[in-house]
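J.: Here you go, one structure.
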Ligand SMILES: [Zn+2]
């Protein structure tokens, strides 16, 4: 009896050891499978992506709910596994787009972003978490996507898309080699690096750059944008439809362009648009987007196992539902609207009959703005019309009589303001709104009683970052001595953000 | 004499900010000898609706780059652009292109 107990115990111990070893091996394998994707800071050639020949049992289980759709089916799923998508920008649009493409089983995702994760990104860039602050967005997005579907090949690029790298990144062969049916599995020419490009960028120069690179390399471009409560989506350069330049031959004047860091955006709005982008990409990638797109495999496929029919020969493919169409979303009214667009324009500089854009150009010069959504610094005033945040601190410390005029819109003043400031929005000054001018005049008269008669009252203008304040100084100088009493007016360089950074670290930044 | 024309104007994508943030305007264009066309509509908007900073909306006799014009839910390029003759109850949309993400 004792002997039996002893031997069982020994056996159990042995088995436990075995289990522990198996557990360790499993953990090791899982760890390496979900290992950190290597961050690329330049464009390196990738191994060709080959579509799956058949679905494994695991694939069938994972994708079962979408395999049931006749609109996708097994062939569509296999096509997805052989498609690589370049996502330009891992922000508010790129995050949900990458998430749904990975979940659906896309073959390869190139995730490109030059930026790092900041706290003010998290309300809309939902693949990044608090612990990812300061990390490259491309890497953070890749890790999140890997957790979701480790079978997707993720390639994070921590770099700015530029005229120098865009073509090399998108294609691995010169445009002349842009042959139809290149996805038939022949090996006599290299696979293209990316099959579809998604523009999730946040600035005008990048949008023209991505368009031209797609036209030159013959790639469909699924493009979305969002601002405030609105979004827009179009598929360009696909199925004989127009390219971005067909619609917008001339870039907008830089002063008419508002970015998300100035105009604001409700996170769910780019979320909705990014999801729509994913839908359009999936329809193109599966080759089964609409009835006409269903080329019978026998018509075009070669007979080798795994051979795929060309899902999207650009000249023959029927338009995706958003080709030659603009989808507009207004979140305020909860309304979608679909607009029929012009066809490809024969006179288009990029995709027309005699294109003048035969290579990539300097897009920042072309658009007159930088390829970033960060605030550009204006320089409208001379040095003696400006003071620093430090100068203003001394004025306060010396209790010099003055007016601090905050020219931000009401909604921003509600976020934070200096308690003694007078708020008149720049727009009201520009429109010379009488009630606001009366308010200002009242404060000037009050100030005059507090100081020596021969001195001009001082007005210091402040805004968020020191751009609007300069415009306001220019307006006020015109008003001074005519619509209001003569004043000395200067702006606070760098605005409230400089104040928060250099003088009062407890003042909120936004 | 052509009768007055009632048109529905919409501004979006930020273009409404030039019109006091009001997105929809139902307007009546007075009767005139020739039919109203888009070119004349732009002049009318500039005179009657647009109070400040017209350069952010029009450039020369057309809209500034970056604003897409839609006539009854179609790109105006398909409808004759500036030459399109307005009909009663037409819906004209001016949409500023968005670039953010
Ligand atoms: Zn074009």
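Note that Cβ sites are derived from N, Cα and C of the backbone, with glycine treated the same way.
Given the structure is predicted, the values throughout are model-derived calculations rather than measurements.
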J.: Among A:92, A:94, A:231, indicate the single residue that TrEMBL lists for the ATP site containing A:113, A:120, A:121, A:122, A:123, A:124, A:137, A:202, A:203.
T.: A:92
J.: If you check TrEMBL, which stretch out of A:5-32, A:33-60 is marked coiled coil?
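T.: Coiled coil, as annotated by TrEMBL, spans A:5-32.
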J.: By a simple count of other Cβ atoms within 10 Å, which of A:260, A:367, A:375, A:463, the recorded positions in the record, is least packed?
T.: A:375
J.: Between residue A:463 (active site, cysteine persulfide intermediate) and residue A:375 (disulfide bond), what is the CA-CA distance rounded to a whole number of Å?
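T.: Per the Cα atoms, residue A:463 (active site, cysteine persulfide intermediate) and residue A:375 (disulfide bond) stand 13 Å apart.
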J.: Name the recorded positions, out of A:367, A:375, A:463, that lie close to chain B, meaning a Cβ-Cβ distance under 8 Å, keeping sequence order and answering 'none' if none do.
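T.: From A:367, A:375, A:463, none lies near chain B.
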